[in-house]
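Taken verbatim from TrEMBL:
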TRANSMEM  6-25  transmembrane segment
TRANSMEM  75-98  transmembrane segment
TRANSMEM  127-155  transmembrane segment
TRANSMEM  182-205  transmembrane segment
TRANSMEM  217-241  transmembrane segment
Amino acid sequence: MDGWQHIVPTLALTMLRPLGMLALMPMFSARALGGGLIRNALVLVMALPALPMQLGHAAELAGRLGELSVSSLAVLVMQEFVIGLVMGFCATIPFWAIDMASTVIDTVRGTSMASVLNPMLEEQSSVFGVLFTQVLAVLFLVGGGFNAMLTALYASYQSMPMLGGWHLSASFPGFIAHQWQMMMELCIGFALPALVVMVLIDAALGLVNRSAQQLNVFFVAMPIKSALALFVLAIGMSYALGAFQQRFDAFGGVVANLLGTMR
């Protein structure tokens, strides 16, 4: 029984980082998984492999937890949750980027008003946004993104142990700004080929409209732009998603840099 008294609080603390990480991940939300119970079970499964790393210090952790006041314990819980939250922020950036790119494409082709509920992001999104977030979710799962996320999670327990404490360094705001810049680069890189094609179509039909002023260019251009945008995206899909795959592969390095700004 004494062993379980040490293991249970250690496991509870270990679960906070994966819980914070999945709080921002679109595909692991309670709605996407069919309920909070399934999401919590996934958090437990993710935390169990990290538990042996902490068992050597389980007695020490339990002893120190018993010495903490309620306010200090609340701060510790919040610290562990925030570590997972910022790691989840880095992992969610590609999904936000592809949704932004899809919204830009749908706006230029004139269908931005046809927004629907995106179950991945749990918010209103464009038609292309729903499609491409689903595609990116499949790439994340089969392309090694989930494995990279787990590797970074378990490495964080070694580079930033529990009860070790942390503080934000002066380089933390620059790191967050770099992540926002990366999101914009992913967005523009994905949407730019389709945008160029649609702008050229608008320019060509604008010249046609000068000769045939009775022609309703807007309604004529919409199906043409939609078809050619889909064609260009289909041709360059492997190249367009290559940048996202590189982001997934480099996730461990991103998290290492992140934790370096929090020590």
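Note that Cβ sites are derived from N, Cα and C of the backbone, with glycine treated the same way.
Nobody curates TrEMBL annotations by hand; they come from automatic prediction.
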Can you tell me which parts of the same chain pack against the transmembrane segment (6-25), counting only residues 6+ beyond its ends and a CB-CB cutoff under 8 A? 39-40, 42-44, 46-48, 50-51, 54-55, 57-59, 61-62, 65, 76-77, 80-89, 91-92, 149, 153, 156-157, 162
By a Cβ-Cβ criterion of under 8 Å, what residues six or more beyond either terminus of the transmembrane segment (75-98) are in contact with it? 13, 16-26, 68, 120-121, 129, 132-133, 136-137, 140, 145, 149, 152-153, 156, 160, 162-163, 165-166, 179, 182-184, 186-187, 190, 244, 247-248, 251, 254-255, 258-259, 262
